[in-house]
Amino acid sequence: MATKFPSFSQGLAQDPTTRRIWYGIATAHDFESHDGMTEEKLYQKLFSTHFGHLAIIGLWVSGNLFHIAWQGNFEQWVSDPLHVRPIAHAIWDPHFGQGAIDAFTQAGASSPVNIAYSGLYHWFYTIGMTTNAELYQGSIFMMILSAWALFAGWLHLQPKFRPSLAWFKNAESRLNHHLAVLFGFSSIAWTGHLVHVAIPESRGQHVGWDNFLSVMPHPAGLGPFFTGNWGVYAQNPDTTGQIFGTAEGSGTAILTFLGGFHPQTEALWLTDIAHHHLAIGVIFVIAGHMYRTNFGIGHSIREILEAHNPPTGTPGDLGAGHKGLYDTINNSLHFQLGLALASLGVITSLVAQHMYAMPSYAFIAKDYTTQAALYTHHQYIAIALMCGAFAHGAIFFIRDYDPEANKDNVLGRMLEHKEAIISHLSWVSLFLGFHTLGLYVHNDVVVAFGTPEKQILVEPVFAQFVQAASGKAIYGFDVLLANAGGAAANANAAYMGGWMDAINGVRGSNDLFLPIGPGDFLVHHAIALGLHTTTLILVKGALDARGSKLMPDKKDFGYSFPCDGPGRGGTCDISAWDAFYLAVFWALNTVGWVTFYWHWKHLAIWQGNVAQFNESSTYLMGWFRDYLWLNSSQLINGYNPFGSNNLAVWSWMFLFGHLVWATGFMFLISWRGYWQELIETIVWAHERSPIANMMGWRDKPVALSIVQARVVGLAHFTVGYVLTYGAFLIASTSGKFG
């Protein structure tokens, strides 16, 4: 007899209802809960999945390279990046009538194609690729890499090649390896690629597999390196008149500190980027020798943590400090994952900011739709990672936390004064919410009643002061870098001449610090409200995961439970999973405000109409009317009774996204009993219908659990939200700028 799914849980496999399928899917990746799981097997399984993950990433990159080479227009785009639209891939669709075929035959193609808004063309071009053949080579290389990663994943599951538990628990060696080899060497290797391939290509000198061993990246060779005369590598940089990809205006420097942007490409100088990666690489290689392993030199993390205690007799008595944290972290995968997700979440949000404020890829600053798409993409990923960090933090408290081992240390004391933390977050959220909404609503009322001069408009003077300190001249603050005769400004001019031009937007629209006013002040505080409320829900979920006054034994019920009946006066909605679920709604709300703000402010700048944002962003109707409604007008005319244009696919997705989003509420508002009754009625009808009753169920159909219905509702809400805004963003930007 065939074994029923799921094979990893005999208890579930024997469940006679459809619960078996849904619980099986829900716990497929919860390796800890699987039958016969040991700690060593758990680590080994997770280790192998990392190779599978790398293989998927490699295949994805390979697919992008392949489709651009096969169906794109990379070589034409390279010849004129500012005017040729990059093609992502061809579209073949049997539903296309002649109108759609004509509309999507664009960017010089002879058949329907999609325009690329990924920035991949700019990336490939910047790192030295100029021909389709090079893209194909890259694609094949990535496929080989993926095959190797898959093999490595398989190999490390074989008995002879499974690492031991002790190997996984060796934190010092792992940190040294990650710091020195993964971060350090890869950064230096990337410097090597930039210096040997990308920089010569940017100066019109081809470097490929045929000549890379014979072309010297710098005329002085390695002499200055070995003699310590490193300054030679910074001499003779590219001039401000350099034409990217040609010898015109090119220098010979490979490692510089110019600051600012290349005037033509409006991207960071490649020689600055190479210098940055070399410095980062060297620092990480040094850092990778920090922890004590084989040779008895360096730091022991355990000793560092044990030593970090407040002196005895400290006023306020700060407890046991960091004692016990080494084992707590080292023995909890959820704690480690929480730390990793939190770090990666912050970095991803910073990437969103820096990719547009300081673009590193040639000409990407002028591709406005790509800029908008990449900013939004990275901010959405950031909120997902951050919510995941707190989810695994909560699971740590439920499954891995040992109160005795953490008695009176910083972690134990966090739990002991959780009420103070949660109530402060609550107070901040309430303060921000009432004051920000109060200002917006006041402004709406006075504008509605015809007296816009009565708006409460607050200038963000502190933020303007910070901008001025970094060199922003527009506000007239005579401070630090904005003080033309001051020591700071003189030093800056000597060491990083391009910075002031970049800060003040001297060249083009690529202005590092945008001027800010009352509209920015208000939306900044709206975003602060969203961030603090999301944090409140997530932090409360984690700190209350083990128990609360209402439910002291909560940890015994696990991470996700619907409630413990009516006996305690209402225990629904208080599991750690419910906190995660509620927080995702607030996170989506917040990222919506962040991306609305970014997009509208930039649309106004790109269209040369900054007054629209400045005047309309101070009251809510301005946002609804002049951002959302006005910018969806082109989009919703993508198709109409008279035909369709190349926005049609986005307008259809806009509609479809709304549908998916609205479907979520069907699951979020109705609970399990309704569906169970409905299912039983449908089963009754099925069993009494001729022909239909010839087929039965192997599993008795039952409704989803309360928690599952919530996750289905949340999934629809999230996917619909993303599809709707993604379609709006791309169509409203590309409809104006291509």
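The backbone N, Cα and C atoms fix where each Cβ goes, glycine too.
Range 420-442 is the one annotated as transmembrane segment, of 420-442, 466-488 (source: Swiss-Prot).
Of all the Cβ atoms in the protein chains shown, 16 others lie within 10 Å of the Cβ of Trp675 (phylloquinone binding site).
Under the three-state DSSP scheme, His658 (chlorophyll a B1 binding site) falls in the helix class.
Around Cys572 ([4Fe-4S] cluster binding site), taking its Cβ as the centre, 14 other Cβ atoms fall within 10 Å, counting all chains.
Annotation note: Trp675 (phylloquinone binding site) sits in a helical segment as assigned by DSSP.
Fewest Cβ neighbours within 10 Å among the binding-site residues Cys563, Met666: that distinction goes to Met666.
Between the listed binding-site residues, namely His658, Tyr674, the fewest other CB atoms within 10 angstroms of a CB are found at Tyr674. Across the fold, the C-alpha of Cys563 ([4Fe-4S] cluster binding site) and the C-alpha of His658 (chlorophyll a B1 binding site) stand 31 Å from each other.
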